[in-house]
Structures are given as structure tokens and as C-alpha cells.
Amino acid sequence: MSTWHKKFPKTFARRNADGLLLPTLTQGLLKLGLLVRRLKVEVFSHTRYEYGYHHIALCLAMTLSLAVNVYIIILVYLYYLSKMADLLSVAVHLPSTLSSNKSPGIPGSDSTKLLRSTSSENDSVPQPFGISCGKKVVDLEFVDLSYSIPRGLGNPNSQILRNISGMFPSGELTAIMGPSGAGKSSLMNILAGYKTNHVEGDITTNGSVRNLRKFRKISCYIMQDDQLLPHLAVEEALICSANLKLAESMVTEDKQSLVEDILDMMNLTECRTTRTANLTNGQRKRLAIALELVNNPPLMFFDEPTSGLDSNSTNQCISILQQLARGGRTVVCTMHQPSAKTFEMFDNLYLLAKGQCVYKGKVLHLVHYLQTFDLNCPPYHNPADFIMEVINGDFGEEVVQKLAQAVLSGKCDEYNNKYRMCLPKRSSSLAPSVRPSLSRKDTKRDSNSCISNDSSSTPCTSSSSAAGRTSSRKDKASSYEMFNELHGTDSSSKESSEEINNIQDEGNAGCCHRDHQFATSSSTQFKVLFVRDMLSAFRDCTLTRLRLLIHILVGVLIGLLYLGIGNMASKAFNNTGCLYFCLLFIMFAALMPTVMTFPMEMSVFLREHLNYWYSLKSYYWAKTMADLPFQIVFPVVYGSIVYWMTNQPNDFLRFFMFLTIATQTALVGQSLGFLIGAATSMQVAVFLGPICGIPIMLFSGFFVNFGTMPKYLHWLSYLSYIRYSFEGVLHVIYGMDRAQLECDEGAPDCLFRNSEDMLKEMDVDKGAFYIDFLVLCAFFVLLRLACYIALRVRIISAR
């Protein structure tokens, strides 16, 4: 027996230590195949291919050895890839390391002191997280905004929003409320830049027409469903966000320090090593906010941020949004029907009913404003519930129309401008555990408030609204200066400031190359996304370990079922059935997991891409390359088991060509799964996956030979990539001048002794292996391009 098993691991490990990993992997696989072949020849040459228990045990031992070697190769490959990126060097820590490390804060700043929360019994919210140095505030305004959706040919468009106007100022928390179907989410999607089709009206920022591409760079949109990658830990997700959204010139230590501060601020330090799939709803919501806070955007949109939260988590979430607004941001969120305590935390209210605005202004003015329409909120009654009863028609539809007409005529704006300066102290609306500490100017402003904390007081008249607005601006500016050291004065903050200064629409001149740039280069995006996808896939038991186990078990089962028939002429048809089943298993094993998992990742991709984390090109390349090792290893493991257990030709070249076809079949199947998942929803994809496999199998040439197919259906056979896989495998097994097959002793006649007769019987004798391989490569490229186009269309249709 050969002693290769004693020498090979040492050589392999020594070359890994020298850093020659990828060449060693290739040489190792080739040497493994050659030595397995030698071992097979040495053993079977003495047994004359008499199959028994010793043969089964040897095949299983060889299979287990190969599986272990392949598994080790995957681990080493991941280790090598981790050296390419700084992500894993920071993100993948042992829990003890994570718990012991404490960030000292960004050098040269007092941000750590500013972000530390005061101790309390409940989960407290630290002090405000302010605008970065050099960033300006952004006031968002829209005029005569209308939105409609088509309802098909011959039907008029359905009007969702009807000529509404409003302004969301910076430094204040604004709530968009209304019953179901009022247009809250539609308005939010339009303002955030997610919806652009069938929209009429003007949207301005700081008085200038909005440039959508620049606007999306300085804003973020956190959707109702917290779409997070389930297999990443909290800190790992934040570091990925930092590596994608912050400037590449920012050193790793500063990024890590910033992540530490955000973890402390959002009260996520204790669960920093917890995977996102195991977080509570409140923790998931805070993590979704933290991911967007990395680059400190001045505009933040939230769609139903309290959905699925209990009362305590709801108050914590709204308190966080309030602190973000106090830091100088423009924070807008949609709400359905908040509690009284939650409702009074908002500064402004924008109320919608059937696509019309029925109130816009201060929350504290709402009850008194409704009294001018003889709508008296009962004592100890939640004002939010009362106004929802009003706009739902409990007091008559004519009342809703009066409120909408008052907004259109300007009466609502006049009322709010009249009492703009007469507001009670906002800090009193906060629970003691979440009350922010104020600057001296903030304290002075509160002491000069013209209304006491009595909620029953009537607003007093302001003597000078213009002076009030000027004073408010000065107070905001002083608030910004308190927290402008958090991110430092790096290039990213300067670029953000330039984007805000130049956010107005410049026509074609504004669409320069700079507008298409992200915070990081394409290579950095690819590197971070590649390592993130590899890490997620490797941690996913369904995508890796379970699939590897299934490939091994099914391979052993098929090997036992068709044990040793590969060289028997009398069982040639059974052997072709074995080969065909192998291809089908490889196809569906690559197709169905992709069909089921990729649509779930689409929501994460859309959120991150539309929030300007990375480009579609970088995401697609990283996704393709990250899945490539697994789609190669699994067919190789399965094909190796089946090939040797079924006693296919004892030729390493044929074995390599067989694995090549198997691997290419898996890649094409995965590409088809990507296309289905990218173009459809989860429910449709699960249905279309198996359905698409039916014509692929039917016209593959196994059930019906090409010669017996009707001519008008021949073109369908060219669309079945399994046809080329099956044809290529038949050429590998029975072509290439193979020696005569063995016949049973005493058999009267022995069909298919000549292997070429089998090719003629299957009507594939005119083909060639290289043609089949090139066609499969063409299928792979075309399906990948089609998937890229489908993703691009999906992004456009989402708007």
C-alpha cells in the first residue's frame, strides 16, 4: 500500500505556512484524486472487482476521508479570505475579548463623555447624538404633492395623495398620523426618495429643489420591518455598516471607537455578541437605527417604528428618536395610534385622512385647534385617539372636509404661527429616566417659556413670530455645537457638508460622476460584502453543514443502490439512470435553497442599497463569489462518492470531467434560482422553482430521445441545460474510446459491450464534451446577466 496518507498532510500544512495557499489547494486536490485512484487500483487489482462488505467499507472510508479534506479546505479558504479584509480582524472576536475591550473614544474628542447615559432603573437613553462637524441642518418642505397609482387599462388612476403641502423642520420630531389607507407610508416613501413614479408636486430642502441622488446620500429610511442579516452579531453588523458608510481614510481604531459609542448610546452593549436572529423586537429596532447612525445622517425617516413593540419598548424607541431630533436632525416617522404618553413626545403632527391633510402643526396646539371647530376632547382622553375618531368619521364626514379645507385655506398655519412661541417645556414630557441634560441656553430658553407645564392652559399670543424663529435658529445652532465632535473633522464629514450645500437640483450639470460615488470604493464594498456573505453562509446550518451532510448521505445511498454497475454492459441502462438522477439531485440541491433564501435577502439589499451603502455591482459580484466555493465543494463531494462506489471508469481524467459537469450543473442551477428569487416574491419563487424544473427534465433527452421528439418541439430541448449536462456525462462515461464493458458469464448475448453503442442508443453520439461544457458556461453567464438585470429592474420598480 502507498504511504501517501503519511506524507500528504505534512506537505500540505508546510506549504500553507509558507503562504502558498491557493496553489497548494489546487495541487492538493489533484494529488488527492491521483492517490485515490492509485489506492483503488492497488486494492481492486487483487479482488478482481468482487464486491462485498470490504468494498463497501473501503468506499465509505474513502468518502469520509474526502469529505473531511474538503471540509478542511473550506476552513482554510475562509481563513485566507479573512486576511484580505480588516472586517474579520475586528468583527470576529471571542466573547471574552469583546466583553473586556472598552473603547477609549475617538482621539482628541469628548464624544465618549457626551454619549454616556445616566444611570436609571429602566433602559435609559443617553444624551443627544448630534450633527457632525461641518454638517448643516436640512429643513424638508413639499408643496402641492400628489400621488396616484394606475389601476389597469380603461380604469382611472387611484388617487392616494391629493395636493398636500407641509414642512418638516430640523431639530424636531414629526409624526405622520392617519387611519389605514390614508397615505402615510406613501408620503413617507415619496419624501425619502423611494417613490418617484406617478408623483406630482415640488419637494425642496432648505428652500432649493431636491436633487434625489444627493438627497439619498444624506438621509436614511428605516422601514417598518427590521430587515437584518440573521447570522451576524450586533457588533459585526455595525462594523460592516461602518466599513461601508464611512470614508476609507478613517482608521480602523476610530471606526471601532465610534461603534463602541453607538452601542453604548443605543443600549446594545450587553447584546453585542448576540446574533440578530436572537434579538428581541426592541433590540432589533434599536439596532436598525444604530446601523444608520454610523454616518450621522441629518435626515431620518421611520415607517411605523413602534410596530410590534410593547408600551415600555415603544416609549424607549420614541425617546431615542426625540434625542436624535434634539441633536439637530430632521426626524420624521409614521404612527398609527400612539398612546397619550407617546403622543406628547412628538413636536409636530402631520395628520392625513383619505389622502388629504387635516392638520399640520404642533402637537400641543392640536386640542385647542380642534376646539375652534367645536370638537372638544373629553378630559383624561387620549388626544391621539380623539383625533383618530374625528377623521374616521365618528363626528360626520363634513367635519373632516372642514378640517381639510382649513388646511388648504391656510387657517391651520395661521393658528400655529400665532402661538409658535407659546409652548410648554418639552423636557417635562419625558420620563425622568430619559430626560436629556440641556445646555445653558436650552435651560434659559425653558425658563423663559410663556406657558407653564399645565396642559390645560390656553396658548398665549406671540408678539413677534419672526423674532421667535430667529431665536429658535440660534438655540438650534448652539445645540449643534455641543455635539459636533462625535465624528471628527474627517473627509467624510466634509463631503457630507458639501452634499448638503449642493443638494439643490442642478439639472444635467448636477449629474456628474461625483454624484454616483459612494462613501467607499467598489473594491472596498466588494471586500466587505464578500467577507460578510461568506461569514453568514458559513454560519447558516441550512446552507452549509446541513447541505454538505445531505450530499454525503444521498451520495452514499445512491452508491449503495447502484453499487458497482458502472462497468457492466448488462446494466448500462441502469447506469444511465444513476447518472441522470445525480444531475437532477445536483440541480435541485443548488436551485431550491437559493430560491428560498435569496428573496429573504432582497429586502436587506433594497434597504441598504437605497440608503446608499453600496452599489448593485459590488453586491452582485460579492454574492456571486461568496457562493462559488460552496457550489463547487458540494457537487465534488457528492460526485466523488457516487463515481467510485458505482465503479465508473477507473480514469482520473474521466473523473475530473465528470466533476466538472456536475459542478457546472450546480452553478447553472444556482443561477436559475438567483433569477427566480430576484424577479419574484418568496411565495411565487417557491412555486416557480420546481415548476421550472419540469420542462428542463422533460426535454433533457432521458425520458424522450431527441430523434423521437416532434420537430416543432425540438427548440425546447435547446433550452434545457440538463440536456447538455446529461450529454456531457454520457460522453465522459461511455465515450473517449472506452474499453469494452464486462458481460455476465453464460449470457446468451451481451448488448452494449461496445460503449459507443450506448451513445448511439441515447442519440448523443454526434455531440462532443467541449461543446456541452461551453453551452453550460453560456447558460451560466446568461442567467447571471439576467439576474443582474432583474435586480436592476427590481430597484427601479421599488420606486
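Every residue, even glycine, has its Cβ placed from backbone N, Cα and C.
The compositional bias 'Low complexity' annotation in TrEMBL covers 448-470.
What TrEMBL records for 140-379 is domain 'ABC transporter'.
Residues or ranges marked as region 'Disordered' by TrEMBL: 100-124 (among others).
Annotation comment: TrEMBL describes 428-476 (among others) as region 'Disordered'.
According to TrEMBL, the transmembrane segment annotation covers 56-80 (among others).
Summarising the annotation, TrEMBL assigns transmembrane segment to 548-565 (among others).
The transmembrane segment feature in TrEMBL is assigned to 577-600 (among others).
Residues or ranges marked as transmembrane segment in TrEMBL: 620-644 (among others).
Positions annotated as transmembrane segment by TrEMBL: 656-678 (among others).
The transmembrane segment feature in TrEMBL is assigned to 684-706 (among others).
If you look at the transmembrane segment (718-736), the same-chain residues 6 or more away from its ends with a CB under 8 A from one of its CBs are 566, 572, 575-576, 579-580, 582-584, 587, 648-649, 654, 657-658, 661-662, 664-665, 668, 695-702, 755-756, 758-759, 762, 764, 767-769, 771-773, 775-776, 779. Taken from TrEMBL, the feature transmembrane segment covers 718-736 (among others).
Within the same chain, residues 605, 616, 620, 624, 657, 660-661, 664-665, 667-668, 671-672, 674-675, 678-679, 721, 724-725, 727-728, 731-732, 735-736 sit at least 6 positions outside the transmembrane segment (768-791) and bring their C-beta atoms closer than 8 Å to a C-beta of that stretch. Annotated transmembrane segment per TrEMBL: 768-791 (among others), in sequence order.
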Positions on the same chain near the transmembrane segment (577-600), where near means CB under 8 A and six or more residues out: 542-543, 547, 550-551, 554, 558, 561-562, 565, 627, 631, 634-635, 638-639, 642, 646, 661-662, 665-670, 672-674, 676-678, 680-682, 685-686, 688-690, 693, 696-697, 700, 702, 722, 725-726, 729-730, 733
Same-chain residues near the transmembrane segment (684-706), Cβ under 8 Å, at least 6 residues beyond its ends: 576-577, 580, 584, 587-588, 591-592, 595-596, 598-599, 672-673, 676-677, 713-714, 716-717, 719-723, 725-727, 762-764
Residues from the same chain, set at least six apart from the ends of the transmembrane segment (656-678), whose C-beta lies under 8 A from its own: 33, 582-583, 586-595, 597-599, 602, 627-628, 631-632, 634-636, 638-640, 643, 648, 685, 688-689, 692, 721-722, 725, 728-729, 732-733, 769, 772-773, 776-777, 779-780, 783-784, 786-787, 790-791, 794
